[in-house]
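Here is what TrEMBL records for this protein:
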- 941-953: compositional bias 'Basic and acidic residues' (COMPBIAS)
- 55-330: domain 'Band 3 cytoplasmic' (DOMAIN)
- 377-936: domain 'Bicarbonate transporter-like transmembrane' (DOMAIN)
- 941-977: region 'Disordered' (REGION)
- 408-427: transmembrane segment (TRANSMEM)
- 447-471: transmembrane segment (TRANSMEM)
- 491-513: transmembrane segment (TRANSMEM)
- 622-640: transmembrane segment (TRANSMEM)
- 660-678: transmembrane segment (TRANSMEM)
- 708-727: transmembrane segment (TRANSMEM)
- 748-772: transmembrane segment (TRANSMEM)
- 808-827: transmembrane segment (TRANSMEM)
- 834-853: transmembrane segment (TRANSMEM)
- 885-916: transmembrane segment (TRANSMEM)
Amino acid sequence: SRGYRRKRRRRRSSRDIPASDTESIENFILLHSVSPAAERLRYILREDDDMPTPTIFTEMDTLQREGDELEWKESARWVKFEEKVEEGGERWSKPHVSTLSLHSLFELRTCIQTGTVLLDLEGYSLPQIVDDIIERQIEEGMISPDLRDKINFVLLRKHRHQTKKPIHRSLADMGKSGSSGSEYSFTFYQGSSCHAQSRSMNDIADAPSPDQLRNKFMKKIPRDAEASNVLVGEVDFLNKPFVAFVRLAQATTLGGLTEVPVPTRFLFILLGPQGKAKSYNEIGRAIATLMVDDLFSDVAYKARDREDLIAGIDEFLDEVIVLPPGEWDPKIRIEPPKKVPSAEKRSQFISNCGGLSEDEEMPVQHELGEELAFTGRFCGGLYLDIKRKLPWLLSDFYEGFHIQSISAVLFIYLGCITNAITFGGLLGDATDNYQGVMESFLGTALAGTVFCLFGGQPLIILSSTGPILIFEKLLFEFSKNNGIDYMELRLWIGIHSCLQCFILVASDASYIIKYMTRFTEEGFSSLISFIFISDAIKKMVGSFKYYPINTDFKPDYVTTFKCECLAPDPKNECFVNKNTFGTQKCGLLNVTALDWSQLSKKECLKYGGSLVGNSCKYVPDLALVSFILFFGTYSMTVSLKKFKFSRYFPTKLRKLISDFSIFMSIMTFVGLDMLLGLKTPKLIVPTEFKPTRPGRGWLVMPFGKNPWWVYVASFVPALLVTILIFMDQQISAVIVNRKENKLKKGCGYHLDLFWVGVLMAVCSFLGLPWYVAATVISIAHIDSLKMESESSAPGEQPQFLGVREQRVTGILVFVLTGVSIFLAPVLKFIPMPVLYGVFLYMGVASLSGIQFWDRIKLFMMPSKHQPDFSFLRHVPLRRVHLFTLIQIMCLAVLWVLKSTFLAIIFPVMILGLMVIRKMMDWVFSQHDLAWLDDLLPEKEKKKKDEDKKKVGLDDPTPNVKVPRIAQGLKNMQDTGP
C-alpha cells in the first residue's frame, strides 16, 4: 500500500545516511530543543576565563523626603541573603532568603528590555556616570533634555546608611540640613540654571567617610568583593520610569554611595512616577537578589549586550519555585538553609543544556585517590609517596603555628597519656612487667615523634591496640610454658614483621585497600568507637567497686552509721602489722595506754586494732563525685563544641571557645575536684626513668638465650602480626584520608607502612610495645584541626575549608608524652574520671558522620519523621534496613571475637568483611549499593564504561557549533529520501 511504501522509503533513507550525518541531525534536533536563553548562556559561561567572578555586595537605597530635603536611605543589603532595615530604623533584620513576587521579576525583565543598558562604561565618579546615563537617555529619546538637571539633582543627593543616626536626631545636622535644604528645594524647581556637577548639585562625598572605613560589616565581606548599588524611588516630574543598568569597566569607589568602602561595579537606577513606590521597591529587591545569585552575577560580568542579561533573567525564572499564596504567608522570613546548591553544579546544568533531575541524582562515590594505584614497579608506590609529600615538607611545619594547634595538642596529649597508662598497666599485667607504663610512655613518644616527622600522613596518631595486647599476652604465656626467652623471641618476631612490611611496601600491596568500601570502613570505625565508649563506661562503673554506694543508708537511723576502732585482745601480746606484709610484733605495744577511739583508720590497722561499724567500708561522696566529674566533662565538652553555632558572643569568641572546649572542660572539673578536696582517683605517671621490671635493660640482645630454630620459626607468628598491623594501619589511614576531610597535601599509604615497619624493629630492640594507627584518636586529631571560612555572609553557615595539615601538633603531643615523667607533679591533680569523660567524648564524636550509625537510628524512627537522607529517596526502606542489619550482625561477631582470646585473628575477620561485601553483590543491585555503599573497583569500571557508551549514543549535551548544524542540513539534503 501507499503507507507501507512511505514507511519503507523512510526506513531506507535513514539507513542510507552515514553515521556522521546522523550525528549532525541528532545534534541539530537537540540544539533546537533547548531554550534560547539556555543556549545563549551556555556559550557565555563556557568562555575561558581564568579570573574567578568576585563576590558581589548589593545595597539598595530608596529615595526619602525628610521635610523639604531629599536623601537616599539604605533600606536593604545582600551579601548572600537579604537583610532589611526594620521599620523602627534602629537595627538590621536577621538574614533571610529573599522572597520575590513573580510579577516583580517580569517587571524587571521589562525594565531591562526598555531601559538603558551601559556595559563596560568608563566611570571615575558618580556625577560623571550619572551624566553619561542621562546623556544616553536623551540621545535615545527616552527623556526630554529639560529633565536633565532634575534627574541629576535627585541622583546626587546624599546617602544615609544604617550606620549613621537619622538626621532629625542631631541638632547640628538639622541646622546644616535646614540651611542647605532650601537651596536643594530651589535647585529642584529652578534646576535649569545650575550645572550638574556643581557643588550645589552634588551632595555625595568624593571619598569614603570615617564611618564607612570603621564599619565592622567589612569582616563579613570577602576582600575581593565588588559592590552593586540599587537606587529606586518615585518623583513628581516623570511620566514614565527612568531605568538604567550600568556595568563599569573597572570597579570604582564612588565615595559615600555604599555603606562599606567597597568599589562599585554595577549600578541599577529606577525612578518613576508617584504612586507606585511598592512596585519600584519590589523591582529593586528583584535585581538585588539576582545580583547576589552566583549564576546571574557570572552572567552580569560576562554579558555582551542587553539580550545576554535578559537571557540570565529568563534562566533565573526557569529555576524559580512558586509558593501558592493561600498556603504560605509572605510575611514569614525564611531562615537561610544550612546547605545550598553550588554555583558550579548550576553552571554545569546550564552548560550541559539540562542536567539531572532530583530523581536522576547520582550518588557521591567514596573514591580513593591515585595514591593506591598499582605501579607494577619495585617500590613504585613508595617513590611516588615521597615525591608527593616532599614539596609540602616546609609548609608542614610553618602552617602548624596557629592558636588552633594549641587546643589540638592539649586534647590529643591527654588522650595519648591516658591511653599509654591504660595499655601500659594492662601490658605489665600480661607480661609480668617486661613491658609496663614506663615502656608505654617511652614507646609512644619515640614511635609517634618519628612517624609525625617522616610519615606520609602526619595527622595519624600511633598507639597500642587491643589485638596487639592479646598477642603479647599469648606470646608471653607460650614463652613461659616452653622455656623460651620472651624478649628475644619478641625481637625476632619484630624483625620478621619489619621485613614483611618492607615486602608489602615494595610490591605496592596497599592496592588491596581499594577493595575496602564504606561497608568495611564504617564497620571497623564503629567497632573501635564502641570499644572506646564501652571502656570509658566500664572504667567509670569499675570505680564504684572501690568506692561503693551505701544502699542500706537510712536517714532516720543515721546514729547507727559509724565506724569504731576496737583494741586487740590484751591477752594476745603479738599483733600482725598489715602495713608491713603480715610481720608479727610481740611485746612492743601497751594496749591500755592508747586511746583507741581517737586513732585514724591507718593507725588502727597499724597497731592491730579492728574496724567495726556499718560505714567502715564506705567512702562517702566519692562514687557520686566521680560520676559527676566523668559525665560533666563529657557533657560540657559536647556543649562547648557546639557553642560556635550559638547566638551568643561574637563569631571569633565562639570559635575560640569551641576550639578549646576540651581543655576548658578538663580545667573546669579539675578545679571542681580541687575545690571539693575529695580523694578521687588521680592520674599516676612514672617519676623515674628506668624499666618497669628490675633487672632488664633498655636494649634486647638478638642471640644467646634461645635455640637457633626459634629465629627462623618466629616468621610464622610474625606473619599474623604483619596482617594485623597492615589492616589496622591502612584502614585507619583510609578513614583519615577520606574525601570529606578535603585534605590537599595528599597521603602516603606506602610511606606510612614503611615507617611502621621500621618502628616495629626499633621498638623490638628496645623492648618497647608495638604501635599502629589509632583510629579514634586520629579522627579526634582531624576534628580538632578542621578549618572554616572566617568571613561568611550574614546568615550563611561557615564553609568547611579542610584540615590544617601539618606535623607540629603530632610532634608536640609525643614530645610532651615523653617528658610526662617530669610533669608528674602537675599531672597528679587530674582525676581519672575526667579523662574517662574525654575517652567517652572521643568515642561518641567519632561516630558522627558515619552513615551506618545514621541508618541504625532509622530503626527507631517512624517513616514520616525520618531525615531526608539521599539514599532514602532512591532505595526502598526495607532494603536499607536489610543492609544495616547485615552490618550490625558483622559488628556483633567482631565484638564477640575481640572480647575473647580470638581477638588475635581480628585482622583476618576484617578481610572477612571484604568477602561478605563481595557476596552482597548477589543480594543487592548495583544501584542500591551505589547509594548505600561504594561500588567495588571492577564494578565501578564496568559502570563507567557503560555510562560512556550511553553518553556516546544519547549525549544530550553535544559540543556543537552553529556551522556544524548547517553541515548537517546540507547532508540531509544530499542524501534525500
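Count begins at 1; order follows the chain as displayed.
Positions of Cβ are set from backbone N, Cα and C atoms, glycine also.
Cβ atoms under 8 Å from those of the transmembrane segment (834-853) belong to residues 411, 414-415, 418, 518, 522-523, 525-526, 528-533, 535-537, 539-540, 629-634, 637-638, 641, 662, 665-666, 669-670, 673, 683, 740, 775-777, 779-780, 783, 871, 884, 887, 932 of the same chain, restricted to positions at least 6 beyond its ends. Here the listed stretches are 660-678, 748-772, 808-827, and the one with the most C-beta pairs under 8 angstroms to the transmembrane segment (447-471) is 748-772. Remark: the transmembrane segment (885-916) contacts the transmembrane segment (708-727), by the rule of 3 or more CB pairs under 8 A. Counting residues 6+ beyond its ends, the transmembrane segment (748-772) has Cβ neighbours under 8 Å at 371-372, 379, 381-382, 384-386, 388-389, 423-424, 427, 434-435, 439-440, 442-444, 446-448, 450-451, 454-457, 460, 462-465, 468, 472, 487, 490-491, 493-495, 497-502, 504-505, 508, 510, 513, 691, 696, 698-700, 702, 721, 724-726, 728-730, 732-733 in the same chain. The stretch in closest packing with the transmembrane segment (622-640), judged by the count of Cβ pairs under 8 Å and taken from 408-427, 491-513, 660-678, 708-727, 808-827, is 660-678. The average pLDDT for the domain 'Band 3 cytoplasmic' (55-330) in the predicted structure is 81.
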